[in-house]
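Under the heading (6S)-5,6,7,8-tetrahydrofolate binding site, Swiss-Prot lists Leu121, Gly125, His126, Leu127. According to Swiss-Prot, the feature site 'Plays an important role in substrate specificity' maps to His228, an assignment based on sequence analysis. Annotation comment: Swiss-Prot describes Lys229 as N6-(pyridoxal phosphate)lysine.
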Amino acid sequence: MFDRKLTLSQVDPEVWAAIQKEDVRQEQHIELIASENYASPAVMQAQGTQLTNKYAEGYPGKRYYGGCEYVDVVEQLAIDRLKQLFGAEAANVQPNSGSQANQGVYMAVLKPGDTVLGMSLAEGGHLTHGASVNASGKLYNFISYGLDANEVLDYAQVEQLAKEHKPKLIVAGASAYALHIDFERLARIAHDNGALLMVDIAHYAGLVAGGAYPNPVPHADFVTSTTHKSLRGPRGGVIMMKAEYEKIINSAIFPGIQGGPLMHVIAAKAVAFQEALSPEFKQYAQQVAKNAKVLAETLVKRGLRIVSGRTESHVMLVDLRPKGITGKEAEAVLGQAHITVNKNAIPNDPEKPFVTSGIRLGTPAMTTRGFKEAEAELTANLIADVLDNPRDEANIAAVRARVNELTARLPVYGG
């Protein structure tokens, strides 16, 4: 038995104390890590329900356990809402992460050693798109494509590599690429060369849902995503696919790479998809893109370089070399000023991966807390103020005070 009256703070004061400190950090800091966001109270409430207790191997109506009649309702709501949100023919909401969603597609359509094209990690791709240190790069023969001389996705290179290597699958999508991706063109290249197309929109999903970024679903055979990041849901993954691939994808997820699904997380996914279907979310997605544009333009005015010259999404890579500071140091000093970013390699980066010449910035979280263009411009200027004098403690303290004033005015959960 457990004591129903005991709260978390009473059962485990150490964990409770860390959570309280993290709450303060999230309220006080400007969050600019492009992959982070703030889930709504409703999404978090769904994750803390009794659904965490339920095992439900299988799919709605076809479970290997009894007592699944109510979790069936929840999972079917998540599936139906996801399909409606993106216009998908079929969907699987069980992947526990974006990485597992990608792995599920690979399991479904590839054999070890098959050739795949994916965007180079060094030029904006993701670990699961064939990086040598990742299982994808160890199991399959990934050939990397990248950017052209103008730091735009090199579609001509993709086409040339597809003709030369005849891959089974082409993977599109990125973790650090600011511009629109021409999914229709990539689909044509893939299908003309006998390949399938998988698009990973983990970073762009919220913008796609809100009409602020191109939708790959009409063009791709498979679309994978996380449900957090710009979609503002719980941490997890999804796969959307053409109806003809539904059976093999479902089998690849369960029993292929996962057992019982996390039903409390699937409930939170359903809630997040419902939120994303609202007119307010469309406005949010548009504001994310507007804020990113202002952030990038202001940083350029302050002497920094944006990789690819601009952003057409929520994310941007900032080349710090004009300021003579590394990404590692910039991350640290901006953190002292209560501005949270992550160091990130830029194309052809001369620095080591743990040092880097750049930082990656994103606007989903700042927009969730109510930042608009004026706050985005101010944030960019505060970043530049720190980077202009990164070793001046008085300067960092002055910026931190202004950040604290701004975040107190626009709290996340109410302070």
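Glycine too: its Cβ is placed from the backbone N, Cα and C atoms.
Values in this document were obtained by computation on a predicted structure and should not be read as measured data.
Compute the center of the Cβ atoms of Leu121, Gly125, His126, Leu127, which mark the site for (6S)-5,6,7,8-tetrahydrofolate; besides them, the chain residues with Cβ within 8 Å of that center are Gly118, Met119, Ser120, Thr128, His129, Gly130, Ala131, Asn134, Ala174, Ser175.
Here the candidates are the binding-site residues Leu121, His126, Leu127, and by Cα distance the one nearest the residue listed as 'N6-(pyridoxal phosphate)lysine' turns out to be His126. When Cβ atoms from all protein chains are considered, those within 10 Å of Leu127 ((6S)-5,6,7,8-tetrahydrofolate binding site) total 16, not counting its own.
Within its own chain, Leu121 ((6S)-5,6,7,8-tetrahydrofolate binding site) has Leu127, His129, Gly130, Ala131, Ser144 as residues 6 or more apart in sequence whose C-beta sits under 8 angstroms from its own. According to DSSP, His126 ((6S)-5,6,7,8-tetrahydrofolate binding site) is assigned to coil rather than to any helix or strand.
Listed in sequence order, Ser35, Glu36, Asn37, Ala39, Pro234, Arg235, Gly236 are the same-chain residues six or more apart from His228 (site 'Plays an important role in substrate specificity') with CB atoms under 8 A from its CB. Listed in sequence order, Met119, Gly173, Ala174, Ser175, Asp200, Ala202 are the same-chain residues at least 6 apart in sequence whose CB falls under 8 Å from the CB of His126 ((6S)-5,6,7,8-tetrahydrofolate binding site). If you count neighbouring Cβ atoms within 10 Å for each of the recorded positions Gly125, Lys229, the highest count belongs to Lys229.
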